[in-house]
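Visitor: Questions regarding the structure given below will be posed in turn.
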Amino acid sequence: MHSPLIAALPKAELHVHIEGTFEPELMFEIAQRNQISLPYDSVEALRQAYNFQNLQSFLDLYYAGAQVLIHEQDFYDLAWAYFEKCHADHVVHTEIFFDPQTHTDRGVAFATVLHGLKRACQDAKAHFGISSHLIMCFLRHLSEQDAFNTLAQAAAFKDDIIAVGLDSSEVGHPPEKFARVFAAAAEQGYLCVAHAGEEGPATYIWQALELLKVHRIDHGVRCDEDAELMRYLAEKNMPLTVCPLSNLKLCVVDDMRDHNIKKLLHEGLCVTVNSDDPSYFGGYMNDNYQAIHDALALSDDELKQLACNAFQASFLAETEKQAWCEQIKAL
Ligand code: ADE
Ligand code: ZN
């Protein structure tokens, strides 16, 4: 099902929401043990609902599903299931988003979320040799003050969180809304990333660069509407964490053959391949690689370049980046 090269490539994932890896089977299991009822009769009925018109129609389901996560063990089980997928797909390093506000707003303690995820990260290193970082995302549909409160709550866990990010409903919530929060986070030593240019316009990508001072742009596929921005991204070697199956499922592109990732690669941008919310979008890392390989006829060298880009764009140490890229070249 996956080409031998895709299966063999060591991969880094830089854009995955842990709440978006929640498979319906596990969701029902956790709902049952927490005595929470889901508005679907069965796993199949829930999967049937995964038919999205846009980002918001997905987010409504994604937030509803996350409501069953209550205990530290729930967050552990969620992350562990994702690490098993990583192992199967030869993802050797992953930088995982989590949305604290989705949980703290329901009365779940920040510590409960963080401890469950962290323990899974430690076990994944011990069992599978998979390295990982955690990235805390602010929900952009909520207020600046809510984001500041979340940043304050994270202070006790600073050493376990490498970066802050920005996700949720993009249009109408431009990066500039969070410029002061990101400045405070950077001051405290967090690295910065942000979703921009998924559904939102190229101006949001400029804002993420100039006002949030991000190290990577998440999605960013609408950059091709602005030639100057394309040149800037190439010149600065600013990574884009592109999510092909997500773009298809959320109707950012109508057909995978129209996806611009190959064009962006050829324009010299540091594009990477990622799964975003793989449980909802029909595939994990290898499925994403395979989908663009098939639709865009990617060569072996192009696949290797994409895989190497992800290590280069990661928050790993330089020596580790080089070592992984050497391994990729030798395949
Ligand atoms: N939260 C989870 N997935 C997301 C996406 N693709 N865009 C914005 N926010 C998200
Ligand atoms: Zn995302």
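Indices start at 1 and increase along the chain as displayed.
Every residue, even glycine, has its Cβ placed from backbone N, Cα and C.
Heads up, here are the entries from TrEMBL:
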- E198: active site, proton donor (ACT_SITE)
- H15, H17, H195, D276: Zn(2+) binding site (BINDING)
- D277: substrate binding site (BINDING)
- 10-329: domain 'Adenosine deaminase' (DOMAIN)
- H219: site 'Important for catalytic activity' (SITE)
Visitor: Restricting to the recorded positions H15, H195, E198, D276, D277, which ones have a CA within 10 Å of the CA of H219 (site 'Important for catalytic activity')?
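Guide: Those near H219 (site 'Important for catalytic activity') - Cα within 10 Å - are H15, H195, E198, D276, in sequence order.
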Visitor: If the Zn(2+) site is taken as the center of the Cβ atoms of H15, H17, H195, D276, which further residues of that chain fall within 8 Å of it by their Cβ?
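Guide: Near the Zn(2+) site, the remaining chain residues are V16, G20, F97, D167, D218, H219, T241, C243, S246, N274, D277.
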Visitor: Hey, which of the binding-site residues H15, H17, H195 is the loneliest by Cβ count within 10 Å?
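Guide: Each of the binding-site residues H15, H17, H195 was scored by Cβ atoms within 10 Å; lowest is H17.
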Visitor: Using Cα coordinates, what distance in whole Å links the residue listed as 'active site, proton donor' and D277 (substrate binding site)?
Guide: 14
Visitor: For a Cβ distance below 6 Å to any atom of ligand 1, name the binding-site residues from H15, H17, H195, D277 that qualify, or say none.
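Guide: Checked binding-site residues vs ligand 1; flagged H17, H195, D277.
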Visitor: With DSSP assignments reduced to helix, strand and coil, which class does D276 (Zn(2+) binding site) get?
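Guide: Strand, per DSSP.
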Visitor: Compute the C-alpha separation of H15 (Zn(2+) binding site) from the residue listed as 'substrate binding site', stating it in Å without decimals.
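Guide: Rounded to the nearest whole number, the Cα-Cα distance is 9 Å.
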Visitor: If you skip the near sequence neighbours and keep only those at least six away, which residues in the chain come within under 8 angstroms of D276 (Zn(2+) binding site), Cβ to Cβ?
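Guide: In sequence order, the residues whose Cβ lies under 8 Å from that of D276 (Zn(2+) binding site) (at least 6 apart) are H15, V16, H17, G20, C243, L245, S246.
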Visitor: Rounded to the nearest Å, what's the C-alpha distance separating D277 (substrate binding site) and H195 (Zn(2+) binding site)? Just drop the number here, would you?
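Guide: Just about 14 Å between their Cα atoms.
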Visitor: Could you tally the C-beta atoms, other than its own, that fall within 10 angstroms of the C-beta of D277 (substrate binding site)?
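Guide: For D277 (substrate binding site), the 10 Å Cβ neighbour count is 26.
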Visitor: Please compare the recorded positions E198, H219 by how many other CB atoms fall within 10 Å of each one's CB, and tell me which has the fewest.
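Guide: Comparing Cβ neighbour counts within 10 Å for the recorded positions E198, H219 gives E198.
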Visitor: Among E198, H219, D276, D277, please name the recorded positions whose Cβ is nearer than 6 Å to ligand 2.
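Guide: Only D276 meet the Cβ criterion.
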